[in-house]
Amino acid sequence: MSTLEPEKRRQHEDKSNEIIDSPIFLNKISALPESENVHCLLLKQLIGSPQLKQTWQFNFCVDLNFLLENMHASVFPTVDVRITHGYDSKSDSLARLTAQMNHCPVNVKLYSVYVPMWGTHHSKIMVNFFKDDSCQIVIHTANLVEPDWIGMSQAIFKTPLLYPKANDSLSTSSVPEYGNPSKIRKHEGSLDIKDDRNCDIIDVDSAFENFKHKSDTRSSDDLGVIGRQFQQDFLAYLKNYRHTYELIEKLKMYDFSAIRAIFIGSVPGKFEGEEESSWGLGKLKKILKMLEKDSKKDEKTKFEESDICISQCSSMGSFGPKQEYIAELTDGFGCQRGNWKFLFPTVKEVQQSMLGWQSGSSIHFNILGKTAASQVETLKKGKNLCKWVAMKAGRQRVAPHIKTYMRFSNDGELLRWVLVTSANLSKPAWGTLEGHKAKSRSTRGLRIRSYEAGVLLYPKLFEESQRAPCIMTPTYKTNTPNLDEKRREFYGKRVIGVRMCWDFPPVEYEDKDEIWSPVINRTDKDWLGYVWPPNW
């Protein structure tokens, strides 16, 4: 949804354009200048409202003390905190988290999740409920630990505030006027909405955007189909837990029609037949194929063979003895091997990052693995492997924990689609096909081992009847697209920004560049004066 001031939006419309700010946010890094933190978010802006009533946190690593530090102290006596973590039941990490829970001043429930071998509970999701009965879903890339939020690059997608459907009520208590859906509908077109929460948490302009949708010539059923599909897919994901019945029943009562995103999730299991395209790489492949087919109807927006697909993440698994998984991945991403680039930091980029070698503890690749060296060599020879370059994005020294997958036009001006997700480049996260070979004894299906969550965005999601056609473009150091002279061809269109955390075009590894792997000791000190691993 657009976060532009109404006056600013009108100015752009006078130029026959409509601008929509990036639905993707980056995390705010306090050590960076303000010019590189424009539109960036703190964890406190997501869970720090004095109106927070209940929060469901789904994550891998959790520091409960850090979580509470980012909540408003006034909610401690009443807030209900539910945490689904990724720790093994016998791990020291879970023991520490349990000890924190036993000594904290808040009502906290912890939930463990079974995952098969090689799998993890890796999703990063928040479902926040507020005292006015509003709700917000946040899908992001950060663990709930301080280093992830203060020193690593992360991405955040947050839905608009969601409210109960007109015929549903979550409580019999009086609801403030700004939180009552029926009251909001009576004020269509008005921006005089009051809210006693932090203005950083609530975008009044989101309400403005919703009012605009209500006045569109299409029926509300047409406008809400994307959001209802998101709701259906998100609830299907939640059904894979044993402890989320209460949450599912609650979310069924909410109106998701304002959401413009596709939920892409992974859950453990082997998925056969139609279910193969319900999760992970199978679902992404199905949607992207439909997108590419649909794009051929419009010469100005169709996918081109020269397009560049980019995968960027903070962990790389094994691609197999002959790197056969690369073919599965590129097929899923809908691109040719020669047009696929993979961004992963070098040793030098980790060493010079804001947290120094410590950043590398969150960036995983086992170079000592049986086929790891040949895998890197294959990626280099294919000109697929690229460095972490983020000068234009303002994140060069903020090492990546973010995971992004995108398809660019060759000149980098247009984005065909964007995926922000917790999923790294691995078989457990995305899934791998079983039983598809001629002599295979097992049935065909997609095998996934981890829990992952992400959102897919593409221009058509933002289209509305009797409005300009939509295009999507990268933005740097801001969420707002910049229509300068070189983008005059954008005039007359609805332009959606996508906040970039790294630079286009990607820069390939040189022969001297060494891929980062935390299993290798480093005697060279980082800029903070530490070796790796540190002697703490």
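Backbone N, Cα and C atoms are what each Cβ position is placed from, and that goes for glycine too.
Just so it is clear, the model here is predicted, and its values are computed rather than measured.
Annotated in Swiss-Prot:
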| type | residues | note |
| --- | --- | --- |
| ACT_SITE | His122 | active site, nucleophile |
| ACT_SITE | His401 | active site, proton donor/acceptor |
| BINDING | Lys124, Lys403 | substrate binding site |
| REGION | 315-318 | region 'Interaction with DNA' |
| SITE | Ser426 | site 'Interaction with DNA' |
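A separation of roughly 12 Å, to the nearest angstrom, links the Cα atoms of His401 (active site, proton donor/acceptor) and Lys124 (substrate binding site). The Cβ of Ser426 (site 'Interaction with DNA') lies under 8 Å from the Cβ of Ser315, Met316, Gly317, Ser318, Ser450, each on the same chain and at least six residues away in sequence.
Here the Cβ of His122 (active site, nucleophile) has 27 other Cβ atoms within 10 Å, regardless of which shown protein chain they belong to. Other Cβ atoms within 10 Å of the Cβ of the residue listed as 'active site, proton donor/acceptor' number 26 in total over all chains. All protein chains shown were included, and the count of other CB atoms within 10 Å of the CB of Lys403 (substrate binding site) stands at 25.
Mapped onto three states, the DSSP output places Ser426 (site 'Interaction with DNA') in coil.
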